[in-house]
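Trainee: For reference, the structure I am asking about is given below.
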Amino acid sequence: MMEKNKRVLLGMSGGTDSSVAAMLLLEAGYEVTGVTFRFYEFNGSTEYLEDARALAARLGIGHITYDARKVFQEQIIDYFIDEYMSGHTPVPCTLCNNQLKWPLLAKIADEMGIFYLATGHYVRKQWVDGNYYIAPAEDVDKDQSFFLWGLRQEILQRMLLPMGGMTKSEARAYAAGRGFEKVSKKKDSIGVCFCPLDYRSFLKKCLCDESGDKNRNIYRKVERGRFLDESGNFIAWHEGYPFYTIGQRRGLGIQLNRAVFVKEIHPETNEVVLASLKSLEKSEMWLKDWNIVDESRLLGCDDVIVKIRYRKQENHCSVTITPEGLLHIRLHEPLSAIAEGQAAAFYKDGLLLGGGIITMSDQR
């Protein structure tokens, strides 16, 4: 078994959070090595690489760069596209953290003989009744626990999370107070790293640009389709079903005398059903690909909280396992716009119990 020494491998993005994490780990007496992953470079910019290298040099810590663009394309971006083509609403940041970023960090650390792993995530870790749990950050506005429900004990036991007890404003002040003015003023990243502004523009570029990478067979013809009401009556034409998500109201390109929202997406017919917000409420859902730290804390309990969106929509629920191996969630109060492909995360007593991917939901 690897010795638990004071060496730690830190994921460094070049941003404020991972930079401050490096400083905090050094102050705590750790020997820090930084690794910057090349996952995706928006508009081809590599400024983040130079920023991470420069910070590592200034702090006097080791630094390496790891090119993961191919695996990121295959596991994250292609999944993202495939999910929308299936009429689902993916959460790529959840998949990336649980199946790529943290496992890759562990793999590199193993090769270097390093036990501890760290990032600039705003989360905490707790040891309760023989298990490690992720816990929400002190800064509720920056808390990222929702994205980490898929991590297992072999990763959790190695994690160091120096940002969990700090707010973002405190992190900026901390960096500025130590002479890292540029670090303290870096902008926050917003949204998905490979399409931070609008996923529809990204999808259209991937799906509809015949001049794209034909070796990857990304180009797929997307034609206009029909908006229907709940009775199957034609309302208007739409641009193509992949460009809509469950619960969407804005950007439909139609004007009606009532508010309507996307209720159903049918890839096989290229039809999108619109309905009132009330009609989107559901009181049940099922999860696949789930991970739970300790099932006894979740199953049969009525005080579990489930979240289906980062920072939004939480409710109390009860959870059982179906004969098919899915998690069946019964909500105490209906939630609106539950979409297949989204993630759901469970919380209880201030701990992240686990989560899974929504595979289907029923009407109230």
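In case you wondered, yes, glycine gets a Cβ from its N, Cα and C as well.
The ATP binding site annotation in Swiss-Prot covers GLY11, MET12, SER13, GLY14, GLY15, THR16, ASP17, SER18, PHE37, GLY120 and rests on sequence analysis. Residues annotated as active site, nucleophile in Swiss-Prot, with sequence analysis given as evidence: CYS96. Residues annotated as disulfide bond in Swiss-Prot, with sequence analysis given as evidence: CYS96-CYS193. Taken from Swiss-Prot, the feature site 'Interaction with tRNA' applies to HIS121, GLN342. Among the features that Swiss-Prot reports, active site, cysteine persulfide intermediate is placed at CYS193.
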Trainee: Can you tell me the three-state DSSP label for CYS96 (active site, nucleophile)?
Mentor: helix
Trainee: Under DSSP, is ASP17 (ATP binding site) part of a helix or a strand, or is it coil?
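Mentor: Once the DSSP labels are grouped into three classes, ASP17 (ATP binding site) ends up as helix.
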Trainee: With DSSP assignments reduced to helix, strand and coil, which class does GLY11 (ATP binding site) get?
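Mentor: The three-state answer is strand.
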Trainee: Rounded to whole angstrom, what's the largest C-alpha distance between any two of GLY11, MET12, SER13, GLY14, GLY15, THR16, ASP17, SER18, PHE37, GLY120, listed as binding ATP?
Mentor: 16
Trainee: Of all the binding-site residues given, GLY11, GLY15, which has the fewest Cβ neighbours within 10 Å once its own Cβ is left out?
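Mentor: Relative to the other binding-site residues in GLY11, GLY15, GLY15 has the fewest Cβ atoms within 10 Å.
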Trainee: Helix, strand or coil: which one is HIS121 (site 'Interaction with tRNA') in, per DSSP?
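Mentor: Its secondary structure by DSSP: coil.
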Trainee: Check each residue in the chain of ASP17 (ATP binding site) that is at least six apart in sequence and keep those whose C-beta is under 8 Å from its C-beta; list them in sequence order.
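Mentor: For ASP17 (ATP binding site), the qualifying residues are GLY120, HIS121, TYR122, MET163, LYS168, ALA171.
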Trainee: Rounded to the nearest Å, what's the C-alpha distance separating GLN342 (site 'Interaction with tRNA') and CYS193 (disulfide bond)? Just drop the number here, would you?
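Mentor: For GLN342 (site 'Interaction with tRNA') versus CYS193 (disulfide bond), the Cα atoms are 18 Å apart.
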Trainee: Using a 10 Å cut-off on CB atoms, tell me which of the recorded positions SER13, GLN342 is the least crowded.
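Mentor: Candidates: the recorded positions SER13, GLN342. Fewest Cβ atoms within 10 Å: SER13.
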Trainee: With Cβ-Cβ distance below 8 Å and at least 6 positions apart along the chain, what are the contacts of CYS96 (active site, nucleophile)? List them in sequence order.
Mentor: PHE39, PHE72, GLN75, ILE76
